[in-house]
Structures are given as C-alpha cells and as structure tokens.
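Novice: Got a structure for you, questions after.
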Amino acid sequence: SKLAALFEHPLYNIPVPEVTEKDKLFIVNPMEKFSLHSSGSDEWVSNSKAETLLPTGKTAYDTYPTWLKFHVGINRYELYPRRDPLLPTLLQDLATQRIISSVQKSGGTQLKLIMTFPNYGQALFKPMKQTRDQETPIDFFYFSDFERHNAEIAAFHLDRILDFRRIPPVSGRLVNITKEIRDITTDKKLAKTFFISPAGNVCFYGECSYYCSTEHALCGKPDQLEGSMAALLPDKTLAKRRSWRSPWRRSYHKSKKAEWELNPNYCAQVRQTPPYDRGHRLLDLIDMTVLDFLMGNMDRHHYETFEKFGNDTFLLHLDNGRGFGTHSRDELSILAPLQQCCSIKKSTYLRLQLLATQPYRLSDLLREALAADPLAPVLAEPHLRALDRRLGKVLAAVGHCLAR
C-alpha cells in the first residue's frame, strides 16, 4: 500500500502542538455518559448521575456513536487526527447506516438533502448529476456548473493525502429514492416534486435557485441513485462558525473582473489587512489554493473557521462539488494567491515535492484511497492523470518564486 507507506513518512509524522483544554472544540468529561433527551428530541445531553463504569466494564465514552466521537475530537489544529481509528467506522456508517429521515437542506444553489440515522448522526447528501466521464462544457461559467457528488468524495481523500485534514469525512452511497427519500420525508415541498419518468424511473427535483425543475430532475434506475454522504459538523448552535469572504473571490459576473485579476501587486494590500497581517492565515489560504488548483475548483468564494479558536486555527474546506469538472484544461488563475504572494508553508512544499516522486505519486495514492469507496471507481482516469500534471505546475510556480 502506497498510502500506508506515505502516512509512515517523516513528513506525515510532524507532531501537532500539545492540545490543551482551551484548544478543544468541546470540553467533555469522557467518564460522563451521554444520553438522548427524554423529550424524544435528537439532542444529546450529559447525564451526570450516570454510572461512569458501565456493566460491560467500558467507560461511557466508548458508548458514544462514532459521529459524536468525531465532533468531540475536533481541536484548534485539526478536524481529525492523522491516524484516526474512528475514520473507517465513520465512513462505514455514512455508507451503510439506515436512513430514517430525509429533508432538503435550505440555502445553496443546488439540491442537497440532510439524512438522519438511527443513532442521530446526520449526513449531507449530494446526488449524482452527471456521469464520471462528462467534462464541464468549455463555454460554461464556473458559477453555472453542476455540483458533482464524486468531486466531494475525491476532495475529502485528496485533502487527507495532502495532510490538511480540513474536509469532513465523505463516503459514496447508493440510495433508494423510493424507500430512503420519498417514503420517509417530512419535507412537504420536497414531497411534491416526485414523479415517474416516461422511462419508468423514480425522479424528484426539490426546490432551489438553480437546477430544480423537471428538466433537471434527479432520476434513479429505476430508483437507485448515487450520491455523496458527508459527515455533518457540529450544529452551529453548539459550535459557532465564522464565514470569511476569500480575498481572491471571483466576480461572479459574466464580464466584470475582480481586483486581484487586474492588480499584480494585490497581495501587498491583502498582507496589510486583518486577519492576513499576522499568524498563518494567509499560508492556510494558500494551502486551500493548492487543493483547489489540483482539483480544478474555481468556486471558492468563502471559507469558514470555528469561532471559538479566533484567528489562530485551520480553515474548513467545505463545499467541493465543483471540483474535478475538467481534466483536459488547467485553470492557472486558481493559483493567483500563490503566484502573487510567493509564499507557501515549508511543510506543504516538502509534501508536494514528495507527492511528485515515483514511490508516492499523487495519482496512485488517490486511486488507492478511492478504490475502497462504495462507488468506486470514483474518478475517471484522465482526472487522476491531471493531478500529476497540475502538481508539476504548482511546484513550477514555487520554483519561479524561489528564482525571483
């Protein structure tokens, strides 16, 4: 396994700083048993009177569902640890746990569903909209592109291979539209959009600002539909998140350009603007730029952080559905923050150099990681080959900065 060898490499064993109580997203007494509200709501509450040692001899923490252990493990430095024993179980849960509720997620431009499991875990479901080998048409603007379920799956694994670990775990899943969405939804608006197509397939389209019409309906075969299942982050009422507008946000206009596209010295003013004027925020943003360039994602207009940790924490790389749309073209403008600022974390640069070597070739590592997904093959081969080519361009951009 190239992946196992990669995670044994010294560059993937650089210790994170010591995690103190104030560096944890949640302060939880692991001896305290958690139980569901007697009211029947899906809120977990601590039960201080619970026996700390259960009859089985296990501590209360052992009884938490995997999703709750994932939430409890989030800290200032990482969303999940490098050698996270929970990860295989969490991915398995996303792929196999029985779905007891499906409702449409409000907001956003395209249809997404929130799925709930019997253990009260929840996942964000993005349905399949196009086949693996369909490329985004050359005349499409980035803001009118489809969101791809397989891009969400591949982005999670790529983010982990780059050792960022800033994307919540995602698994592919084959969902039965009839039993796992239509028959159990309590969402009246969603329920009204189901129909049987002329081919006899079960279809639905939901309500959203783009692509929610009978012309853009999602249809099963006859009711089986692929999708990505992403573990949800803790509810915002429990762990507030702050949304930041990216300084290199695109104009989202058919003819206007953003300031960074017109001003070659744009980075100088970013460096003087909080929170980019101190700490590692700008370098974290350049990490995100590298991730986006490798997968061809032009749609990174905002990013989020956990409010509890202030400015000194990692960026959450959420919403990656517009990645992996094209393999035949490389969008160099995505690399603007790296090219204009000529800055990159030394650890990131060393890992990128490692991933360009034969024993740890990036495409091979991602291919191996994706092979275990229920929807494998997740990416068409040309997308995997494009990763190696794009990695070469990132290293060339850093080389150009070093030369300067």
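Using the three backbone atoms N, Cα and C, a Cβ is placed for every residue, glycine included.
The ATP binding site annotation in TrEMBL covers Gln110, Lys126, Glu147, Ala230, Ala231, Leu232, Leu233, Glu304, Asp319. Under the heading Mn(2+) binding site, TrEMBL lists Glu147, Asp319. Feature annotation from TrEMBL assigns domain 'FAM20 C-terminal' to 194-403. Taken from TrEMBL, the feature active site applies to Asp299.
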Novice: So how many other Cβ atoms are close to Leu233 (ATP binding site), meaning within 10 Å of its Cβ?
Specialist: 21
Novice: Ten-angstrom check, please: count other Cβ atoms within 10 Å of the Cβ of Asp319 (ATP binding site), all chains counted.
Specialist: 23
Novice: How many Å separate the Cα atoms of Gln110 (ATP binding site) and the residue listed as 'active site'?
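Specialist: So the Cα of the residue listed as 'active site' lies 14 Å away from that of Gln110 (ATP binding site).
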Novice: When the number of other CB atoms within 10 A of each residue's CB is tallied over all shown chains, which of the recorded positions Glu147, Asp299 has the maximum?
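Specialist: Ranked by Cβ atoms within 10 Å, first place goes to Glu147.
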Novice: Considering all pairs of residues in Gln110, Lys126, Glu147, Ala230, Ala231, Leu232, Leu233, Glu304, Asp319, annotated in the record as contacting ATP, what is the maximal C-alpha distance expressed in whole angstrom?
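Specialist: Roughly 20 Å, rounded to the nearest whole number.
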Novice: Across all chains shown, how many C-beta atoms besides its own are within 10 angstroms of the C-beta of Gln110 (ATP binding site)?
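Specialist: A 10 Å sphere around the Cβ of Gln110 (ATP binding site) contains 19 other Cβ atoms.
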Novice: In this predicted model, what is the average pLDDT of the domain 'FAM20 C-terminal' (194-403)?
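Specialist: A mean pLDDT of 95 is what the predicted model shows over the domain 'FAM20 C-terminal' (194-403).
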Novice: Just to verify a number: CA distance, Ala231 (ATP binding site) to the residue listed as 'active site', in angstrom, no decimals.
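Specialist: Distance (Cα to Cα, whole Å): 21 Å.
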Novice: Round to the nearest Å and give the CA-to-CA distance linking Asp319 (ATP binding site) with Asp299 (active site).
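Specialist: Counting only the Cα atoms, the answer is 9 Å.
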Novice: Fill in the CA-CA distance, Leu233 (ATP binding site) to the residue listed as 'active site', as an integer in Å.
Specialist: 21
Novice: Could you give the Cα-Cα distance between the residue listed as 'active site' and Glu147 (ATP binding site), in whole Å?
Specialist: 10
